[in-house]
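Chemist: Structure incoming, see below.
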Amino acid sequence: MGKNLLEQLRQFTVVVADTGDIQAIETFTPRDSTTNPSLITAAAQMPQYQEIVDSTLLKAKDEAGENASIKDIVRLAFDRLAVAFGLKILQIIPGRVSTEVDARLSYDTEATIAKARYLIGEYAKAGIDKKRILIKIASTWEGIKAAEVLEQEGIHCNLTLLFGLHQAIACAEAKVTLISPFVGRILDWYKKSTGKEYDSHEDPGVQSVTTIYNYYKRFGYKTEVMGASFRNIGEIIELAGCDLLTISPQLLDQLRNTEGDLPRKLDPATVPQDIEKIVMDKATFDKMHAEDPMASEKLAEGIAGFTKALEVLEHLLEERLKVLDGQEHIKHGAEEIFHAYDLDGDGFITREEWAGTDVVFDALDRDHDGKITAAEMSAGLGAAFRLASVG
């Protein structure tokens, strides 16, 4: 019996689990893992993680003091919750976990640096070496400059929401540890813009990551490339050989259950030599960003989506804290999330409205029709996500 695609992929690419579901991580045994507000929101609705949420909230309330507002408590609890899930994940995986800086700080270099130092400090209190943590930051110019400072302090960074070569070059010149170009979201933009369907080998997201990978290898940059946000296993197959790929449990399951040859597509030995080097400064970055409508739109949309996911999670934590305090709980979390994301009130959440993490959208979209209904949501953040995560 031949090897499945997942086994073959692991021969030349580090596989990272794009999930906050600890049981899914145990199932697929990735080296690294990643979390963010929408993943934590989904996991926090699942009964098996309620104890983590409750204990984190109560501890934050205790430490915030009697005069703290509920919003102050919840903000403290969110950072602690991100670290709590990260600590659980680090008990399972041998490598690193990515923990995200508040997306609302994406255009504030100093605030991003301060938040990153705080998160690393929280992990240090639990005895975790900072080498096992990647601080996830949006790839704005300000975020990249924050990462440059943090890397000089030995705090490793994962620059996310990366859609253009200009962002990738700026990250490499800042000597960041890792970047996460978003394959599927690039494809989404081009499909919507052109009305075309793309085969995997001509997928604009695949081509973007290939260009970035070749540029890095051609000029000897040490920054690792981790392809993210996949729509199908065809994209993953075309990027076999990329340094790392972060893959949802659903697609990991498909790879594990598919046999056939998986040739290496990205390889330092076959990188073209006729690539022009670009010196990146802020003026060049801003010019290239303005000239790339896809990167401009998707970066802004991604920050807005991650911000909304954070606000929804904070609201759910507020509601949960009221329950723990014995106050009346007015609405179920899934209902709250549905109304928060159904921006036009038509009774459906599209991928554009969701704008948060793709893995959660895909898990909730149980019939895979590209939209989430209220019924799917209520089935939802526990049952549907669990079903898709563990398979």
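Including glycine, each Cβ sits where the backbone N, Cα and C put it.
Sharing the features that Swiss-Prot gives for it:
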type	residues	note
REGION	1-329	region 'Transaldolase'
ACT_SITE	Lys136	active site, schiff-base intermediate with substrate
DOMAIN	329-364	domain 'EF-hand 1'
BINDING	Asp342, Asp344, Asp346, Glu353	Ca(2+) 1 binding site
DOMAIN	365-387	domain 'EF-hand 2'
BINDING	Asp365, Asp367, Asp369, Lys371, Glu376	Ca(2+) 2 binding site
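Describe the structural context of these features.
Modeler: For Lys136 (active site, schiff-base intermediate with substrate), other Cβ atoms within 10 Å of its Cβ number 27.
Under the DSSP three-state reduction, Asp346 (Ca(2+) 1 binding site) is assigned to coil, being neither helix nor strand. Within 10 Å of the C-beta atom of Asp346 (Ca(2+) 1 binding site) sit 10 other C-beta atoms, taking all shown protein chains into account.
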Chemist: Count the other Cβ atoms sitting within 10 Å of the Cβ of Lys371 (Ca(2+) 2 binding site), across every protein chain shown.
Modeler: 19
Chemist: What Cα-Cα separation, expressed in whole Å, is found between Asp369 (Ca(2+) 2 binding site) and Asp346 (Ca(2+) 1 binding site)?
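Modeler: Here the two Cα atoms lie 16 Å apart.
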Chemist: Relative to the Cβ position of Asp365 (Ca(2+) 2 binding site), how many further Cβ atoms are located within 10 Å?
Modeler: 21
